[in-house]
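Below you'll find the structure, written out as structure tokens, and then a few comments.
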Amino acid sequence: MKNTNDIAVLIVDDSALMRKVIGKVIEGAPGLSIAGKAMNGRFALDMLERVQPDVILLDLEMPHMNGLQFLEQRKRLRIDIPVIILSSIAKEGARVTMQCLELGASDFVTKPFGSESAHLRTVSRKIVDYVTAYGRRYKLLRRTRRCLAMDTPVERPAGEEDLNCLDTQERASLPSVCARAPARDRASYTITPTEGARQTRIVPLRESGALQIIAIGVSTGGPSALRHIFAQLDADLPQPVVVVQHMPAGFTREFAYSLNQVCALEVKEAQEGDLVRRGRVLIAPGDRHLTVERRSLATVAHINSDEPENGHRPSVDVLFESVARHFENRALGILMTGMGRDGAAQLARLYTEGSRTIAQDADSCIVYGMPRVACELGAVGEQVSLDDMAATINRYGKVFASS
């Protein structure tokens, strides 16, 4: 029997087999249920008011109304139900997926293929994690709207005390210790642990130096978050930017191209030997690690296929480690929304070296996992909301360029 607290999922795909496969994934996950199934976007639009889903899983290629057309109608009708794209790994699928993100889709997962393959198990876990993350956030948003309309307190169902910490391995063991600071004080506050929480206090080895590079790590929720930030970065930002976004192979080139359309800086997928220079943003290629090397005359990017770190390739920790090694106290490390702990350990190293560090705050994260672990380690100098992140980067870049 369906629980009213379940996250209701609408599956939109023209393949009966795919609807069945994904339906089994949803039905097999605790806390999730199927709101309905539709064979194209037109049927999905007709069903929305009746089934009231919390998340929509949307195929791209469908007759009568495809994924792009559905998103265009969703935008026109001002429907804010989160949409997760079910994408193929083909080049054309990657291009259309990025167009979907531009139209307001929240995120994407690659379509399952095969029946008992490791890929199917991996994708199934990702579908469940993404649906849970976006669905819980939307349910809270909808509940908050109802309570505000009735002028009553917002109540969360039992077990949803912290809707942002959805990392399946760590959600029970990582109480939040990052104290929120007033806006006027955010640049200088100290992080204090909550009652009973453990936290390592890091004492930097040296004072922060002149800022020479900005490194960003992000996972779940990252595509739309980075688009939001990059659209607001100043064209005269003095430092180069390097980014790890957890993303499969075949998508990052189109992702970088999409970001380049909205950013005043040059955004490109990193290639071996690329110059890391002012006016440029380098995105780690899917399924490859990105590192930087500071030489006497220039800083260059390196790409490798070493083993995954923290279960990820590209890994934020791998990038941050190289930044800490070559730039010591002259970097800005930023850890944003995402499951797990990738990036937290090496953000702590950056902080220890004297570099400046920022974590996205809990309220604006789709999943408050990676930033939360960094806070537990005492590695965060400032918490910043997504809406304030671009302005903060612009401010850091200019104020600390010659400190």
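Indices start at 1 and increase along the chain as displayed.
Each residue, glycine too, has its Cβ placed from N, Cα and C.
Here the structure is a predicted model, which means the values were calculated and not measured.
Features of the protein shown, as given by Swiss-Prot:
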type: DOMAIN; residues: 8-126; note: domain 'Response regulatory'
type: MOD_RES; residues: Asp59; note: 4-aspartylphosphate
type: DOMAIN; residues: 204-393; note: domain 'CheB-type methylesterase'
type: ACT_SITE; residues: Ser219; note: active site
type: ACT_SITE; residues: His246; note: active site
type: ACT_SITE; residues: Asp342; note: active site
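Feature map: Swiss-Prot annotations on the structure.
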residue: Asp59; record: 4-aspartylphosphate; DSSP (3 states): strand
residue: Ser219; record: active site; DSSP (3 states): coil
residue: His246; record: active site; DSSP (3 states): coil
residue: Asp342; record: active site; DSSP (3 states): coil
Give me the long-range Cβ neighbours of Asp342 (active site): same chain, 6+ apart, Cβ under 8 Å, in sequence order.
Gly217, Ser219, His246, Glu309, Asn310, Gly311, His312, Ser315, Val316, Asp317, Met370
When you measure from the Cβ of the residue listed as '4-aspartylphosphate', which residues in the chain that are at least 6 apart have a Cβ under 8 Å away?
Val12, Asp13, Asp14, Ser15, Met18, Gly67, Leu86, Lys111
Across the domain 'CheB-type methylesterase' (204-393), average pLDDT on the 0 to 100 scale:
97
DSSP-derived helix, strand and coil totals, residue by residue, for the domain 'Response regulatory' (8-126):
54 helix, 26 strand, 39 coil
Just how many other Cβ atoms lie inside 10 Å of the Cβ on Ser219 (active site)?
23
